[in-house]
Amino acid sequence: MWGFLKRPLVVTADINLHLVALTGMGLLSRLWQLTYPRAVVFDEVYYGQYISFYMKRIFFLDDSGPPFGHMVLALGGYLGGFDGNFLWNRIGAEYTSNVPVWSLRLLPALAGALSVPMAYQIVLELRFSHCAAVGAALLMLIENALITQSRLMLLESVLIFFNLLAVLSYLKFFNCQKLSPFSLSWWFWLTLTGVACSCAVGVKYMGVFTYLLMLVVAAVHAWHLIGDQTLSNVRVFCHLLARAVALLVIPAVLYLLFFYIHLIVLFRSGPHDQIMSSAFQASLEGGLARITQGQPLEVAFGSQVTLRSVFGKPVPCWLHSHQNTYPMIYENGRGSSHQQQVTCYPFKDVNNWWIVKDPRRHQLVVSSPPRPVRHGDMVQLVHGMTARSLNTHDVAAPMSPHSQEVSCYIDYNISMPAQNLWRLEIVNRRSDTEVWKTILSEVRFVHVNTSAVLKLSGAHLPDWGFRQLEIVGEKLSRGYHESTVWNVEEHRYGTSQEQKEREWELNSPVQVDASRNLSFMARFSELQWRMLVLRSDDSEHKYSSSPLEWVTLDTNIAYWLHPRTSAQIHLLGNIVIWVSGSLALAVYTLLFLWYLLRRRRNVHDLPQDAWLRWVLAGALCAGGWAVNYLPFFLMEKTLFLYHYLPALTFQILLLPVVLQHISDHLCRSQLQRSVFGALVVAWYSSACHVSNTLRPLTYGDKSLSPEELKALRWKDSWDILIRKH
């Protein structure tokens, strides 16, 4: 029984030295002198401020993508002990001693380094040779743009990592499917595919392109599985259910989890609050929450309220009035009512307060007990500081002549009666007797006499209106539109009937002691919607470019310039790799179409196994390039060269696949294969030479003379190659 003690305990393991060496070289190329330069480099100024918000738990909104990518960068800051105290105001600013530069750049660098061995494994899983796999990994290793992007506090390398992880995981799952379906490794790789896809989408919305590609490939394979007559109906159902859970349910749950963590961590009010609804703002610590905390929930007759436009465009604003009147005659010759102006004002102001009055009573205070306002009730809105009622009539609005003017009624005794009755409609009501609630209810005001709806037109008034936003009565409004919807933001029960006392009351702060919160799903839905519809400044940038310029490498980006020497970092692609990748894509497309036409004529140039490998490689590599590149032609946003990098990685994967295919199937003799192999070696040597030539601009660690800098301009790249050889 104790015989095992008489023999040594031996453990054997298969170690792929190719994989180990490639991983080591990837780490060396990405981590070497990672803290250099110790200054803000290009978009680090953009991502750095979000990391500071995470460190300080301050809410922010970024329309570039979901929060997972920012959380990855913030994790690096957390591990390095960053306190968030750094002013991210300009590119080139020197980092202070409290900024852990190495930690902040570590995770993107690791993602870029691990993409090298993953490229090797992907080509192997596609059932191509070790030589082709090593070639793909080495191209990933020496590509200058990928090195530059992964050594900085940026997200492209993280996105590429999860894109490749999704492809690799699916290929491993697909190969397990043939040998051991429903095994532990089968479940692991299938689940990891869904996790990687969700993480890719969570880093940037661009990740959805690769996710959709994986869903299409999985759907095609599932369709073939359904036609497999050797499988029972129950087993086919289990296969389909497993794929649905792993590729649809798990990514959706993870996506929600990213936002859940984001909202749990960022619980404090910040500079982006104004974009969100009043209810969302009130759920954050500080800011509006300090003002609205403990307000009466139910709006009653006599309530004093501020009304915020739910639309929030062009800027968040509140229904507002002041003593100034509309001009009697506008510049275009049209006349007005000359009554008190009603506008939407983008700042908190005492003139934003209104009193909800019962038309059947004269009191402007809340009775005891309060009488709540319900859906369908008639109300008058009396301006708190001027005591004039909100009114609209058949007079053209100043900036929107097809809509009615909205004013506060002044009795000029000129046969223009008041038309100040409004019917309250609660848009998000659950019943027709629902009570109007502070913050939570979204309401419309429908004018009783004309059926016009109170609406924010979004137009700016001229100087006589102090450039505030125009409010109109919109007759044509039939359905729900956020420009006609309002919510009560600040609310108090009025107690002063006299005007002077009421003015003092409106100027006094409310003392409160309670709070209310939105549910997670309500906050997630609003945040997701704002991220999708928010449009950032799409003005032209010095280094912006078009998708056509990416393929031809007719553009680059100066990331950083040393303030005292001529050392600098540029985002530059390796011209040999980029052009070769485009040629490989064209060759693959032509060969695929040629084979497809000949197979239609029942001429099989490739064995069935080789044909299936060729098709799968094209679906993932050529398809990956297409879905990550072509959508940019439809985007109306400022684009940069780094947007092409995810597509480029798929081209790099395709390149050795095409080279091996030419060698194996198009070179008929051993002599042809030898000559072709020599050409490939020469080509790869050229790529290495260009990579080494551009090294000073990739790492920025060498001072360059003006002549050296000029020689590295993109249009002279081929001249460099020609002169050296």
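Placement of Cβ uses the backbone N, Cα and C atoms for every residue, glycine included.
What TrEMBL says about a protein is an automatic prediction, not a curated fact.
Annotation comment: TrEMBL describes 68-88 (among others) as transmembrane segment.
Tertiary proximity for the transmembrane segment (100-120) is limited to same-chain residues at least six positions away from its ends with a CB under 8 Å from its CB atoms, namely 18-19, 22-23, 25-27, 29-31, 34-35, 38, 48, 51, 72-73, 75-77, 79-82, 133-134, 136-137, 139-141, 146-147, 149-155, 157-158, 160-161, 164-165, 168, 649, 652-653. The annotation transmembrane segment is assigned in TrEMBL to 100-120 (among others).
The transmembrane segment feature in TrEMBL is assigned to 126-147 (among others).
Residues or ranges marked as transmembrane segment in TrEMBL: 154-174 (among others).
Feature annotation from TrEMBL assigns transmembrane segment to 186-203 (among others).
According to TrEMBL, the feature transmembrane segment maps to 208-226 (among others).
Listed by sequence, the residues of this chain that lie at least six past the ends of the transmembrane segment (246-267) yet keep a Cβ under 8 A from its Cβ atoms are 53-54, 57-60, 66-68, 71, 190-191, 193-195, 197-199, 201-202, 211, 214-215, 218, 284-285, 520, 523-524, 527-528. Taken from TrEMBL, the feature transmembrane segment covers 246-267 (among others).
Across the domain 'MIR' (296-359), DSSP classifies residues as 3 helix, 30 strand, 31 coil. Annotation comment: TrEMBL describes 296-359 (among others) as domain 'MIR'.
Here TrEMBL flags 370-427 (among others) as domain 'MIR'. Mean pLDDT, taken over the domain 'MIR' (370-427), works out to 89 on the 0 to 100 scale.
The feature domain 'MIR' is assigned by TrEMBL to 431-491 (among others).
The annotation transmembrane segment is assigned in TrEMBL to 571-596 (among others).
Sequence-distant contacts of the transmembrane segment (611-632) (same chain, at least 6 residues past either end, Cβ-Cβ under 8 Å): 122, 126-128, 163, 167, 171, 206, 209-210, 212-213, 216-217, 220, 547, 550, 585, 588-589, 592, 595, 599, 604, 639, 643-644, 646-651, 653-654, 657, 661. Here TrEMBL flags 611-632 (among others) as transmembrane segment.
Long-range contacts of the transmembrane segment (639-659) within its own chain (CB-CB distance under 8 A, at least 6 residues past either end) are made by residues 115, 119, 122-123, 126, 128, 131-133, 135-136, 139-140, 143, 145-146, 149, 154, 156, 159-160, 163-164, 206, 209-210, 541, 543-547, 549-551, 555-557, 571, 573, 577-578, 580-582, 584-585, 587-588, 591, 617-618, 620-626, 628-629, 632, 680. Under the heading transmembrane segment, TrEMBL lists 639-659 (among others).
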Taking DSSP states H, G and I as helix and E and B as strand, how many residues of the domain 'MIR' (431-491) are helix, strand and coil?
6 helix, 27 strand, 28 coil
Same chain, outside the transmembrane segment (208-226) by at least 6, Cβ under 8 Å from its Cβ: which residues?
163, 166-167, 170, 174, 177, 193, 197-198, 200-201, 236, 239-240, 243, 247, 251, 616, 619-620, 623-624, 627-628, 631, 646
Tell me, please, if the transmembrane segment (68-88) and the transmembrane segment (186-203) are in contact, taking contact as 3+ Cβ pairs under 8 Å between residues separated by 6 or more positions?
yes
Report, as numbers and ranges, which residues of the same chain sit near the transmembrane segment (186-203): CB under 8 Å and 6 or more residues beyond its ends.
65-69, 72, 155, 158-159, 162-163, 165-166, 169-170, 172-173, 176-177, 180, 210-211, 214, 242-243, 246-248, 250-252, 254-255, 258
